[in-house]
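Report on the structure given below.
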Amino acid sequence: MDTPSSGTIDLEHGEAGLRKRLTLTFRSVSVHVTAPDAALGDTLLSVADPRQFLGFLKGSRPKRTILKDVSGQVKPGEMLLVLGRPGSGCTSLLRVLSNDRESFDEVIGETRYGSMDHVAARRFRQQIMFNNEDDVHFPTLTVNRTMKFALRNKVPRERPDGQGSKEFVQEQRDNILSALGIRHTTKTLVGNEFIRGVSGGERKRVSLAEVIAGQSPIQVWDNPTRGLDSKTAVEFARLLRREADMNQKTMVATMYQAGNGIYNEFDQVLVLADGRVTYYGPRQLAKSYFEDMGFVCPKGANVADFLTSVTVLTERIVRPGMEDKVPSTAEEFEARYRQSDIHQKAMEGFDPPEKLTHEVDELTAAVASEKRKRHLPRSPSVYTTSLWEQIQACTIRQFQIMAGDRLSLIIKVVSAILQALVCGSLFYNLKDDSSSIFLRPGALFFPVLYFLLESMSETTASFMGRPILSRQKRFGFYRPTAFCIANAITDIPVVLVQVSCFCIILYFMAALQMDAGRFFTYWIIVIANTLCFMQMFRAVGALCKRFGNASKITGLLSTIFFVYGGYLIPYEKMHVWFRWIFYLNPGAYAFEALMANEFVGKSLQCVQPDYIPYGSGYPGSESPYRGCSIPGSEGDVILGAAYIRAQYNYSWHHIWRSFGVIIGFWVFFIVLTALGLELLNSQGGSSVLLYKRGSQKTRSEDTTTPVQEAARASHAKQSTFTWHDLDYHVPYQGQKKQLLDKVFGFVKPGNLVALMGCSGAGKTTLLDVLAQRKDSGEIYGSILIDGRPQGISFQRTTGYCEQMDVHEPTATVREALVFSALLRQPAHVPREEKLAYVDHIIDLLELRDISDALIGVPGAGLSIEQRKRVTLGVELVAKPTLLFLDEPTSGLDGQSAYNIIRFLRKLVDGGQAVLCTIHQPSAVLFEAFDSLLLLARGGKMAYFGETGKDSQTVLDYFARHGAPCPPDENPAEHIVEVIQGNTDKPIDWVQVWNESEEKQRALAQLQTLNARGKADADYVEDTADYATSKWFQFTMVTKRLMVQLWRSPDYVWNKVILHVFAALFSGFTFWKIGDGAFDLQLRLFAIFNFIFVAPGCINQMQPFFLHNRDIFEAREKKSKIYHWLAFIGAQTVSEIPYLILCATLYFACWYFTAGFPTTASISGHMYLQMIFYEFLYTSIGQGIAAYAPNEYFAAVMNPVLIGAGLVSFCGVVVPFSQMQPFWRDWLYYLDPFTYLVGGLLGEVLWDVEVRCDPSELVRFRAPLGQTCGEYMAAFLAEKPGYLVDGNATACEFCQYSTGADYARTFNLKERYYSWRDTGITALFCVSSYAMVFLMMKLRSKKTKSARSE
């Protein structure tokens, strides 16, 4: 066995020489998918088109073949390199070989693992690992914790020298990280695009380390070197080679821009074109096979790029005289290959899979020896560790993730404390009399409601990290069930802290029963109920593939469970058709248990206004001539048990039954979540182009109009860009860290400058500093354009193509370019000329065929290479004076990379100045650059100057100083390796450069360029911050957003469906409300229920808003395309038509079913107020989102603001008269929901003629000699209500005679108050939208320019 120091990682320490080896055989494999080459993007109307559904039923969807008749065999110890252009089927083949077939409709042919077919191989899922291109990890975990988790789930039973599992994990972690060169990152967070962590190249190596930790005999790698510099990429290929040689691994990989150093490590090569095999055989023969066919491989070119270029007519080089003899199409190449000797020998060299049963037997024994002793004796498991050990590992990791995201935890706990303080002060010191009879159930229902709303954020959270779960499930690290149970376990301590803080504050502030047993009963029930709700919303997320559907269901469930929790409508009052929901609601059981726990054993005194009649002339204490209006009362005493029995049908005996039911629901939701995650399929499949509906594919035309001629002739002003003595410092662990050190350089018009260096040298940092994209740190030195300081218009007049291609997915290519041109070219340029220039750029970048294609997202939209071209186009249509590009060829295949550089060369030859960071360039790509700026570690310069013809100038420089380049080596790779110390004797290249003549010449040239720029008499400074007016920006962004909404049917339809369903549900819940005393309360709750349409809609709206904000902040704000005011203005205005539509639908489905007045003036007023509410909650949600750092933060903040702030103080939960004076005197009047409810409630109550049901009447006797009418005359003169029979002596009294009497208890003293409140609601809508602008302004302040001195 090899030692770790030699760079080989061997985790297989099984005894008796058991090794895991498998031969991978695939014969005549073909793959079919239903996705066509191009599809039409969905719109609001298209998804509702019945013809689509009918077509689907008929099965008329076309099929497409993405792999055809592919065969091969990879034996243990061998490495196969799969090559092909994007779309040729490389990734699809790798998915099939890794036994990941779910994303394909049909896979024909045979795939064998040893002697097993693909069905039998499923039980060895973790022995066939697939590493895809994506580097998605939990960003708040360190590299150490990420690796330890992977290894913890792969600890074999038998370990060398009796080594403990902890020592084993530690040793293997060190070996793997050392082999990949990232051992120094163990304490660094993995991070992502939002959380700072390791670099992109290091994150890629963490992904590679995770697969290596799995130690599977078959390893399938999809573009594993993307984002790595050439030296690291070659080292990784050598690591795979050692793994294959020493541990007999079977390796299959596809790589883009694979240099010759990588290519030479492989044994066999499989070349694909359009899903067909153009070559399969030994690597040594591949180049000569195509050269013999008549193709020429350029000097210094990557052989891998040459093999894939032969099928590209515009790029291949054919030997003179062979033009008519070489094949052109994929079919011709395949036919030629099948007739070759190489094909015959390859097929004859196959070991028959049927004879490889010994491999499967050895694998079965080896896997069995790995299993822990405690593993359950059942059918062979794909997992190394037992379920209990998986749960342990997942639980530890979950706690580590939470520890890394302390902010969310703190927010949860602080929110609970704030909510409890607010709620406790609302229900402060409840009295033991009938005045608290309405408040006490409110105080008990509040924790149920708050934690219901707060748990909704779990649906959002369940979609974060889903790709990680799918990947690690496939790797066999753990069952999703273990992950699910671990989540449930880690909920417990968080909920304990959260609920304890909440309960202690609320319970004692509200002065609920002062009994330890009752407090702890209250506490444990709220904890169980909270856990149950959290798990329920997590289950919703697990069972839904799309977030839109999950948020819709979440919103509906929160409304349903709120209404049927037993608080708004007691069980006996529920309509029979929805009563069953009560039994399925965990919150209903919690509320019953809390009510019984509080009321049983408690006696309340019946006092006025509930003890009737009262006032002067009536008895002041208990009397047979007075009656109590509270159900379950006897005389002037209300027995708690009798009250909850009469009003709610609750019983003391149900407390622990309810607790048991809640725990049962919790377990059920855990099982449901586990089931959803177990059935969750990994996403994948072929990419598909989406076209705008109504568009046609267009071809380039040669005819041009005079306007187009003018547009092409008018190029941007050509400028020279220089920088000198540039230093950049950032704060790091309380000190300053220098990232750039005395860097200088220049870019002239017509010059293409390459910025190169090893990984972590500061290439992107320098580009960000030069382009004014840094918002922190300190910059020193000079950055000049034409010898003058960068002006205010610099960011707008320069183009910057970032590594991440950030675009609005629903826009077409042409729309994205037109948007940029209209907003970034000066306002005085005619619109026709701008559009003509867009056409010119579309032709220049060869985008004509896809100009009407939607940009989309990877997998459903443009390919990576097409997206790069669109990014370039978006910047070019602005006519920039200078163009910056960060890694434009990263992640592309050789031909696509060549295309991008070819386009840049076109631009440069037209006078454009371009500065471009690049790594892993082939010799052909490097040849296209005019100059090179080389950075060594620490941001220090190692070279700046011309490259020369065939890169001879720069190679001579390094040769003179002791590092000559071998004849066949790629110059770019040689230069980068040399400055990293790969020379015979150590050379300090930074010092060599500082002492060189080349540096002095470059500095002299820089001074000359600056002096020439300053002397330009024609220079006119552009002082405009933005190219166009704010009004024009607003109209353009609004138009784009309206199109985006039209093409986002999921978002809009989910909002519409949520409203329609909630309205019908509410309408039939409160069906034809009557005119009894309790029916007045139902009218109030029907309106109160309408308010709860907001949480679901806000939860769905915020990710949409944040997505748009991220695009704005990542690219459009930095390029000064438009102002943040235009962004917020457009966001608010674009939603308005859909909000009015939603209000209309809700009104139509709810108002009439609930039986509200049909008078036009009343119904019209209600409709108007409902529209205002749509505006109100949307603006509040957008205000939270405008400042929130991410979706989860926003989802956690929603219940705090809506629950603590708005619902609590509007006078419904606690009526105005019973509210604490502290809140009543100011916050009640500042709460927009106060006026919202007032505007709605006054109209539907005022004219109601109340007729009490017999059960609602207060009964008492009149004194001897008096009728009820005579006895109550004084009381009725001052107070509301009526007597059923004034002439009787056994009095029956109803508390209200009209709805107006009830309305006055809610501070609606006059009829006009409802219109007054509607006007105030409108003002609150305006102020809420103003808050959105304010929040964005506060956030925008953070992104300031770094100071330059």
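Placed from the backbone N, Cα and C atoms, the Cβ positions cover glycine too.
The domain 'ABC transporter 1' annotation in Swiss-Prot covers 51-299. Per Swiss-Prot, N-linked glycosylation site is recorded for N144, N549, N649, N994, N1287. Residues annotated as transmembrane segment in Swiss-Prot: 407-427, 436-456, 523-543, 550-570, 580-600, 659-679, 1056-1076, 1085-1105, 1121-1143, 1166-1186, 1226-1246, 1318-1338 (among others). Per Swiss-Prot, domain 'ABC transporter 2' is recorded for 721-963, and the stated evidence type is sequence analysis. Among the features that Swiss-Prot reports, ATP binding site is placed at G757, C758, S759, G760, A761, G762, K763, T764.
Annotated ATP site G757, C758, S759, G760, A761, G762, K763, T764; additional same-chain residues within 8 Å of its Cβ mean position, judged by their own Cβ, are D229, T765, L935, R937. Between the CA atoms of C758 (ATP binding site) and N994 (N-linked glycosylation site) there is a gap of 19 Å.
Here the CA atom of N1287 (N-linked glycosylation site) lies 98 Å from the CA atom of S759 (ATP binding site). Of the listed glycosylation sites, namely N994, N1287, the sparsest CB environment within 10 A is found at N1287.
By neighbour count, meaning other C-beta atoms within 10 Å, the densest spot among the recorded positions N144, N549, N649, S759, T764 is S759. Of the listed binding-site residues, namely G757, G760, G762, the sparsest CB environment within 10 A is found at G760.
There are 22 other Cβ atoms within 10 Å of the Cβ belonging to C758 (ATP binding site).
A Cβ distance under 8 Å defines the sequence-distant neighbours of the transmembrane segment (1166-1186), meaning residues of its chain 6+ beyond its ends; these are 1090-1091, 1093-1094, 1097-1098, 1101-1102, 1105-1106, 1109, 1128, 1131-1132, 1135-1136, 1139-1140, 1142-1144, 1146-1147, 1151, 1156, 1194, 1197-1198, 1201-1202, 1206, 1232, 1236, 1239-1240, 1243-1244, 1318, 1321-1322, 1324-1325, 1328-1329, 1331-1332, 1334-1336, 1339.
Same-chain neighbours of the transmembrane segment (407-427): 439-440, 442-443, 446, 450, 454, 494, 497-499, 501-506, 508-510, 1192-1193, 1196-1197, 1199-1200, 1203-1205, 1208-1209, 1213-1214, 1219-1220, 1222-1223, counting only residues six or more beyond its ends whose CB sits under 8 Å from a CB of the stretch. Taken residue by residue with DSSP, N549 (N-linked glycosylation site) is part of a helix. Secondary structure at G757 (ATP binding site), taken from DSSP and collapsed to helix, strand or coil, is strand. Long-range contacts of the transmembrane segment (436-456) within its own chain (CB-CB distance under 8 A, at least 6 residues past either end) are made by residues 412, 415-416, 419, 423, 427, 430, 499, 502-503, 506, 510, 512, 526, 529-530, 533-534, 536-537, 554, 558, 561-562, 565, 567, 587, 590-591, 594-595, 598-599, 604, 610, 630, 638, 643, 1095-1096, 1099, 1195-1196, 1198-1199, 1202-1203, 1213-1215, 1218.
The local packing around K763 (ATP binding site), expressed as other Cβ atoms within 10 Å of its Cβ over all shown chains, amounts to 25. Under DSSP, N994 (N-linked glycosylation site) is assigned to a helix (H, G or I) in the three-state scheme. Under DSSP, N1287 (N-linked glycosylation site) is assigned to coil, being neither helix nor strand in the three-state scheme.
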